[in-house]
Amino acid sequence: MTKKVYVKTFGCQMNEYDSDKMVDVLNAAEGLEKTDSPEDADIILFNTCSVREKAQEKVFSDLGRVRELKEAKPDLLIGVGGCVASQEGASIVARAPYVDLVFGPQTLHRLPQMIDARRESGRAQVDITFPEIEKFDHLPPARVEGPSAFVSIMEGCSKYCSYCVVPYTRGDEVSRPLDDVLTEIAGLADQGVREVTLLGQNVNAYRGALTAGAHEIADFATLIEYVADIPGIERIRYTTSHPKEFTQRLLDVYAKVPKLVDHLHLPVQHGSDRILMAMKRGYTVLEYKSLIRKLRAIRPNLSLSTDIIVGFPGETEADFDKTMALVHEMSYDTSFSFIYSPRPGTPAANLADDTPREVKLERLQHLQATIEENVARISQSMLGKVERILVEGPSRKDPNELAGRTENNRVVNFPAPLTAHARLIGQMIDVKINHAYPHSLRGELVLAHDDASAATH
């Protein structure tokens, strides 16, 4: 009987990528298959996030729930990976003694060895070391599950923003060699992937050796240019970028590489220079706005999303008003917005914070309502337009329909004959938008005569 692994992922796209790699590693080593049911699993893994306190506590809540499964099935192995694992280490086992494995983002490739050691010794295994880029040399080839794929190009962060725990849980920035990244993407393209999202905590800080051990370095712009030349790759996305690392070379790539989408996630975090300085972000609001103006001069249809922190220590009403002014001016399509959460060990955790919680919540609600108005307005502006989408698979709302994504990352659901589904999935097609909802669209196929004939037979 095939053994199964269940992985629950918290947090960012980097964690989503790492979770996929955990499954790949265990499949290659022990033949385990992924399951969506923890009750059916032989191994349960939690890939954790420590960016906010709520996400961290959720992990221990979920661990408490699977404890009963272990009591009923003693051979069940439970593991905690990701950033909470890096931060807490062996204290996780002290708090939850039924946990068998604790591993960091850089040691997930060692899971098979850790499992063997746990079975042999009967003791919990903890490995939260930072062996830099070693894990990529030990990962099996990716197993593709659709026409889009994440590709991690670097690990860690060296910015040390005052509020952020990531440099302490993922280490400093380390880039993969250029040829390693290109080899992985070419392999994905051979399996039908048409869109890649390049991942990094500060992805545009990429500085990778041309080959392992080489002295010549490729910057992020060079990497994008090479990826665009890989046969089969139609679209390139990336996340998350940092305004401080947005070079002229990268701006030039937007003019030269049409496969780089008209969508950018560029965290601003706040609209007040005073707060940005306290956050140690390394740029001013004016510098951020100047960068966006340059980008939109090159790409007038650029869709922009961001991250914003509300209620950072010392934030006044005037500071928050500046954030709102920036939101109105930038016309963000999406914002991942949260109330500031102090993280242990970060400089900001020691700052005085006298803003009442209810005031922070009111500000967050005001910000999110404004963003939602922007989202709805942008969706409405797409009505009647023909959009190029990558068909990803059956619609979640109706499996008889198909769904794809626009360049600005909107999901479009559209009807198509069941006989055409297999042919259309993974293809770039045109759809005319005929209904707009805040976070998704509805459209209809726009086909040439020959295509229309093929699609309906």
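The backbone N, Cα and C atoms fix where each Cβ goes, and this holds for glycine too.
According to Swiss-Prot:
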BINDING   Cys12, Cys49, Cys83  [4Fe-4S] cluster 1 binding site
BINDING   Cys157, Cys161, Cys164  [4Fe-4S] cluster 2 binding site
DOMAIN    3-120  domain 'MTTase N-terminal'
DOMAIN    143-377  domain 'Radical SAM core'
DOMAIN    380-447  domain 'TRAM'
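Applying an 8 A CB threshold to same-chain residues 6+ apart, the list for Cys157 ([4Fe-4S] cluster 2 binding site) reads Cys164, Val166, Pro167, Arg170, Asp172, Glu173, Gln201, Asn202. Within 10 Å of the C-beta atom of Cys83 ([4Fe-4S] cluster 1 binding site) sit 26 other C-beta atoms, taking all shown protein chains into account. Within its own chain, Cys12 ([4Fe-4S] cluster 1 binding site) has Cys49, Val51, Thr240 as residues 6 or more apart in sequence whose C-beta sits under 8 angstroms from its own. Counting residue by residue with DSSP, the domain 'MTTase N-terminal' (3-120) contains 69 helix, 22 strand, 27 coil.
It is 16 Å from the Cα atom of Cys161 ([4Fe-4S] cluster 2 binding site) to that of Cys83 ([4Fe-4S] cluster 1 binding site). Broken down by DSSP into helix, strand and coil, the domain 'TRAM' (380-447) contains 9 helix, 35 strand, 24 coil.
The Cβ centroid of Cys157, Cys161, Cys164 marks the [4Fe-4S] cluster 2 site; residues of that chain outside this set whose Cβ lies within 8 Å of it are Lys159, Tyr160, Tyr163, Val165, Val166, Pro167, Gln201, given in sequence order.
Within 10 Å of the C-beta of Cys161 ([4Fe-4S] cluster 2 binding site) there are 22 other C-beta atoms, taking all protein chains into account. Its own atom aside, the Cβ of Cys164 ([4Fe-4S] cluster 2 binding site) has 21 Cβ atoms within 10 angstroms in the protein chains shown.
Each residue in the domain 'MTTase N-terminal' (3-120) has a pLDDT score, and their mean in this model is 92.
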